[in-house]
Amino acid sequence: MAQRTGLEDPERYLFVDRAVIYNPATQADWTAKKLVWIPSERHGFEAASIKEERGDEVMVELAENGKKAMVNKDDIQKMNPPKFSKVEDMAELTCLNEASVLHNLKDRYYSGLIYTYSGLFCVVINPYKNLPIYSENIIEMYRGKKRHEMPPHIYAISESAYRCMLQDREDQSILCTGESGAGKTENTKKVIQYLAHVASSHKGRKDHNIPGELERQLLQANPILESFGNAKTVKNDNSSRFGKFIRINFDVTGYIVGANIETYLLEKSRAVRQAKDERTFHIFYQLLSGAGEHLKSDLLLEGFNNYRFLSNGYIPIPGQQDKDNFQETMEAMHIMGFSHEEILSMLKVVSSVLQFGNISFKKERNTDQASMPENTVAQKLCHLLGMNVMEFTRAILTPRIKVGRDYVQKAQTKEQADFAVEALAKATYERLFRWLVHRINKALDRTKRQGASFIGILDIAGFEIFELNSFEQLCINYTNEKLQQLFNHTMFILEQEEYQREGIEWNFIDFGLDLQPCIDLIERPANPPGVLALLDEECWFPKATDKTFVEKLVQEQGSHSKFQKPRQLKDKADFCIIHYAGKVDYKADEWLMKNMDPLNDNVATLLHQSSDRFVAELWKDVDRIVGLDQVTGMTETAFGSAYKTKKGMFRTVGQLYKESLTKLMATLRNTNPNFVRCIIPNHEKRAGKLDPHLVLDQLRCNGVLEGIRICRQGFPNRIVFQEFRQRYEILTPNAIPKGFMDGKQACERMIRALELDPNLYRIGQSKIFFRAGVLAHLEEERDLKITDIIIFFQAVCRGYLARKAFAKKQQQLSALKVLQRNCAAYLKLRHWQWWRVFTKVKPLLQVTRQEEELQAKDEELLKVKEKQTKVEGELEEMERKHQQLLEEKNILAEQLQAETELFAEAEEMRARLAAKKQELEEILHDLESRVEEEEERNQILQNEKKKMQAHIQDLEEQLDEEEGARQKLQLEKVTAEAKIKKMEEEILLLEDQNSKFIKEKKLMEDRIAECSSQLAEEEEKAKNLAKIRNKQEVMISDLEERLKKEEKTRQELEKAKRKLDGETTDLQDQIAELQAQIDELKLQLAKKEEELQGALARGDDETLHKNNALKVVRELQAQIAELQEDFESEKASRNKAEKQKRDLSEELEALKTELEDTLDTTAAQQELRTKREQEVAELKKALEEETKNHEAQIQDMRQRHATALEELSEQLEQAKRFKANLEKNKQGLETDNKELACEVKVLQQVKAESEHKRKKLDAQVQELHAKVSEGDRLRVELAEKASKLQNELDNVSTLLEEAEKKGIKFAKDAASLESQLQDTQELLQEETRQKLNLSSRIRQLEEEKNSLQEQQEEEEEARKNLEKQVLALQSQLADTKKKVDDDLGTIESLEEAKKKLLKDAEALSQRLEEKALAYDKLEKTKNRLQQELDDLTVDLDHQRQVASNLEKKQKKFDQLLAEEKSISARYAEERDRAEAEAREKETKALSLARALEEALEAKEEFERQNKQLRADMEDLMSSKDDVGKNVHELEKSKRALEQQVEEMRTQLEELEDELQATEDAKLRLEVNMQAMKAQFERDLQTRDEQNEEKKRLLIKQVRELEAELEDERKQRALAVASKKKMEIDLKDLEAQIEAANKARDEVIKQLRKLQAQMKDYQRELEEARASRDEIFAQSKESEKKLKSLEAEILQLQEELASSERARRHAEQERDELADEITNSASGKSALLDEKRRLEARIAQLEEELEEEQSNMELLNDRFRKTTLQVDTLNAELAAERSAAQKSDNARQQLERQNKELKAKLQELEGAVKSKFKATISALEAKIGQLEEQLEQEAKERAAANKLVRRTEKKLKEIFMQVEDERRHADQYKEQMEKANARMKQLKRQLEEAEEEATRANASRRKLQRELDDATEANEGLSREVSTLKNRLRRGGPISFSSSRSGRRQLHLEGASLELSDDDTESKTSDVNETQPPQSE
């Protein structure tokens, strides 16, 4: 079940097509056939239909082939209705049986649905193919969904566990069990994948440097564990040979914070031998296949066939490459954080395990002793493990064993040696695996404590039932018994909770108890002992064997219900245990050996003492192993060897596993478990095949069928009321009346109508529950009902159709009758003559009517044509308007598009600004943290430097002392040598003692380890208790409100109780007085009447008191009006108080009886007592009546009085607390004030100066802000003007388009070209912005690189200094060593000094290594930044190339646009506006430059102040001679200087910020100017190109015209010459005319011929001219063909000349003709006209040329202006650079001054050290601090200079942030105003509180006085009572003096109350509630 990927639709592997399932035909078929399941050998179960019942047997017909069979009724299992086909939760099946479960799983598996729920289980069947249901899209599909909302999936289980953990704060667990190859490990990986994706910390947090590192490591832990713990078996190519429990810890927010892995039962025997066609662990094959040659030579690796432990050689895994897997394993280890040394050490151990197998022994000839003939393999093994070869060989062949108290060498046999080697190999690999798990846990544990919650994932083998099972199978089956018990118990609990929620009555059965007998059989410790306890017990006995163990087990557990003995002697099994999954036969071969796991302790000791640290770490607990020396001998019994063990030195495998399992179960019980049961479908690893018997066995073993059994005991089928009513209401048609009815009532009526047995159902609050099978029965009845309804419906439909067909036939019959009647009438009339006339005349009547209709149609057609013409006109008008509207719409759309682009650009700018701001803030935070780290590091180095200097001084003093003592010690050397010999002997004795102590120490360490493990368990228990406490706190939080109410009532009851206690004490005192009066009444019986009258008088007084109290009540009513709401609750509390009073009175009666017993002395006293009791009873009645009346009257007053006192006391306590806080704050402030008083004096002056400067700078900043805001406002106005002009221009263009039809086309073309140009310009601007951003980023990276280089240089200097110090110390150390070596043999003190020096040297070397590491880190950072810089350079080159391409494209578009003059005019207007904006920006730049100059001046001022401070520092240094006197002054000046430096730093930062702002503005202006300049250059270039093009065209035209003119001149000259010649000839002809008249006829003939030739010539001439014009036109269209066209023109001109020569020749021949002269004259006039036309054209072109020249001059003027502006900007830039150069010079000067100061300081230190060495040693720390401050100041100055240099680069960013800062400033002002208002309000509240405190104090003092009075009175009364009691005890006479002093005054709130002694103490208790009542 690897990662499922593919292109298929994942939903078909998750969701079921319900349309197929709810097919009515299938439902009807199931109902009709009564389908059931019968057993089948081949298919497990087959579907069949019941045909006939014959007693206990039933005849059935198989559904597949129709065969009939007889089956027992008990073997038949019901089939579920088709609606339950492929159900997602098998608990919903109404027929819960094995056949239905198997059928459902089979159907889903064949449909590709591998996950199915079964109640709490999720059953998974291995598909043996890739399914596309594990992608991240599927994870997102299940994320946040509940279990019932999505189909079954391992992701749904994971999501449910994760959500329950977050919501309920309860730990979760996911338990994956199943056979090997069922997919446990893959599902575990999918769970981890899902949790790592859902709970990843890389989506928002920044806890670690690498986001998502923990999740990545968590996912990479599996490949490592699989390589070392998985192997290929017959069933599974990647079988986990161990169990694991993965705990993933989460914090309170749900993010993963760590993980932990626990492993169980590694199959270590696979490392030494494997079954046929199986492999050992993957890592051996991966190492041998994937290791390189160098690694193979280091690990001494060979071929696969050269290792004995690889039993089957190399067996490849289909579809996998071990070489690739090895690389993946190594990569996973690197990701997990394994070091190279750790990986190499692990691989060495793996290679050593293989080498163990190649060690061979042979048996000696005459003895059984083993020998090693070849030790080559042993040498390789010892080389890999770091052991001595000889010692290893000796330990294997002749180990040293203990016999009694002595050790002897015992020879081993070949079998014993082979066994020892295999045991060592297995133990080595097991320890390596344990170390690997521990190392992975260490990498995954990111917290110092466990997370808030965790999800545990258990991947462990399921039940294993082989033919014969061993000790490992017992452990696995024992584990599964415990897990199944946990499941049964959990399922029982959940069912119980469900039934409780729904209010269902059910007698619950805890099915978890069913498995307890089997578990007790295995784990019970005693009475009788279980299997594991007996096994451990046998391991302790010397001669125990496996056979004795089996005998004891049978003896102890033979009668157990779950234990069986083998039935026959020939059975191979030793005993059987009946597990819940079935009976399992166990063979007890070598169980004692496996339980003890013995090793050769000699070799283990060697491994523990290995020179390889890793191997020694693996074998550190060597004392816990069971040694082979404890095995006394190998007996010949069938069960193995006997053992002799140490006492208490080891713990067996069974004990360890039982403890780990107990711990695991405790963890699981404290979690909410989720169960995943993995099923293997077949053993052939074939997809799509399912073996039913195999699946049934696994379902039985996995507990799925057990869960079904538990479900059947209850009500497994449950359905909500609405669904039940909707589905089954058809069965009870009249049970529910019409109208609305509650769902529960409706279901109850339906159940009553269905007459179901009450035991078959339960009705809950929202659902109705049914026993298994009830819903199937209802489904059958529903199907029968539906069948009846359908049959009735079909009958009705058929009747309706028959009636409809009958009506149709009736209608057809009546129609036939009509047709027959008409045909008969026609047959009668067809021969009648009149009928014939009628048939002929009738059509003629119709013709006349048609003419009239045609005329009407013509008229109608004319009307329609008129309407059509009218409509067409309107349509044309509408189309014209529509066209106009479309044009307007296009205009508006273009405007809207422009606005949208502007908005998008602004939004993009805002986003970039925000991102830039965020980036700058992050950079600032990083830099600040880096600075703090460097400062801390520098401080640490300085401290270390001081310590080293002090240490060096100490060493120098020690060396001086040792030099003096060395001579003395030389004399004592001889005696010391003798002492040394004695000491050496003592050392030997001490070493023996030390070895003993080491052993004892190891024992103690073992005990400590055990205590630590117990402590860990206790911590786990405490954590579980804390979980339970958290869960209870959730419940407590719900009850807090009720608790508060109860607390209030309890407080009120306590108040009433206290009152009643006071009253009780009063009554007790009264009783005491009365009892004291009993003896007195013997003598004073006559005076009782007077006493009674006195009591009556006191009653009168009480009434007076009552009246006074009523007055006080009326006075207090105003104060307690607001407490009237609590009156009713007070009544209730009073009733409770009265009840308590009655209880107390009963207690009082009990006390009275005790007193009576004490007083019962004589019979006379008894009689007197009875009489006195009667009298006392009467007095008591009277007193109780008075008390009741009194209480009834003053009870309300007491309560109100008490509440008022409580409020006052609360106010008093609040005032006290407030006062105490104020006093604490006052004291703290006073101490701070005292500490700061001395500093304030120094700071006030500096503060005033800095405040003045700050105000000045604030004013400058405000001016700059104002200027910036003014510039923004102007920019906005210009933008608005530009938009208005753009709109006007668009309107003009639209008018031109309407006016000129031809211009529309050109305007549209221009608009399209313009949009293209805008796009191109926007692209160019975007590229420009990107270039600027990249350049700024490059500059920033360069700055960071420079800063890092500077830091690196500083670190390098510090490192060099430290190296110098180290060298000096090393040289001193060498000298010290030489001196110490001379006296090494004599003095132990010198050895101690040597050790100290060595430690110091090691510390220094370690520090040096740390510095080297830091240097390497900086170097790596530098390289990384250099790579990033190179990448950015490449990107910049790419962007430049793109920009150049875009510029080329822009030039092409500019050439196309150059033909439109209107567009050029528009550009000219825009250019003018841009020039205006540029001038405004220039003015802004000048103002910002002035502000920059002012800031620089302020900086120079600060530098002057800094120089002054340095001068002061020099004065302080010069006055350092009087160090002792001026220390206090130096400290003051130091603090003042620090304050000044801090203030200067802040001022400098403010200046830097302002300078940054101005620099950014300047950069922004420069960028704008550059952009404008580039725009101007482009415009000028385009105009130049246009002018050059026009100039070329004009020159070409002029040349052509000149050539034509030259031709005309030639023709004119020839014509004149011919004219003259013709005139001469004319004269000759006139003279000879007479002679020529004769030949005229012939001449005329010749003339006609010549005329014909002349026409031909003229036609040829015209064609030549036409071709010449075409050539001219072609030459204008294409410049590239100019030369060829000119050649053609020349050729045509030559042809024209030849034709003209022929024409002239013809003219010469027609001399005599006048017509020829006329024709030539007319030709000349035509040529003159052509000449004049061309001259006019030339003049026009010259005018255009002059106009273009004037435009060119204007452009040149503008270009010169732009050049001047650029020159001014360059001058400003040069000025800024010169200023920066000045600041650099100033910095260098400051550095020189700093160096001079350092030099002076060093000179002063030397002088002072020479003069005052003692004083210097005391003040070195302070001087060092001053040095650090000076260095820090120099660094800060350098940093300030760097920041000044950077201001030019950062100015642009600050200028962009000005607007945000101004907005923030407004917000800060509002917050400050709110804070001021809040401060005023708090002040008022403080004043009011102080007034209330004063008032409370006054009232408190008043109450205190009253309380003191009451206390004194109470004490007086107590004294009187005590005296009376003493007298009563003595039996003396009692004088009633209390009768006269029974009253006193109690003043409260101005009211005077006279209270009797009876009420005094109760009143006192009311006044002071905290004082307990006085009672005896």
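Quick reminder: no glycine exception, Cβ is built from N, Cα and C everywhere.
Copied over from Swiss-Prot:
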- Gly178, Glu179, Ser180, Gly181, Ala182, Gly183, Lys184, Thr185: ATP binding site (BINDING)
- 845-1976: coiled coil (COILED)
- 786-815: domain 'IQ' (DOMAIN)
- Thr1960: phosphothreonine (MOD_RES)
Tell me the Cβ neighbour count for Ala182 (ATP binding site), meaning other Cβ atoms within 10 Å of its Cβ, over all protein chains shown.
26
Cβ-Cβ neighbours of Glu179 (ATP binding site) (radius 10 Å):
24
Conformational class of Gly183 (ATP binding site) under the three-state DSSP mapping:
coil
Would you list, in sequence order, the residues of this chain other than Gly178, Glu179, Ser180, Gly181, Ala182, Gly183, Lys184, Thr185 that have their CB within 8 A of the centroid of the site's CB atoms, where the site is the one recorded for ATP?
Asn126, Asn236, Ser239, Ala461, Gly462, Cys678, Ile680
Can you tell which of Ser180, Thr185 has the least company, meaning the fewest other C-beta atoms within 10 angstroms of its C-beta, among these binding-site residues?
Ser180
Minimum Cβ neighbour count within 10 Å among the binding-site residues Gly178, Gly181, Gly183: which residue?
Gly181
In the domain 'IQ' (786-815), how many residues does DSSP put in helix, strand and coil?
30 helix, 0 strand, 0 coil
For the coiled coil (845-1976), what is the mean per-residue pLDDT, to the nearest integer?
70
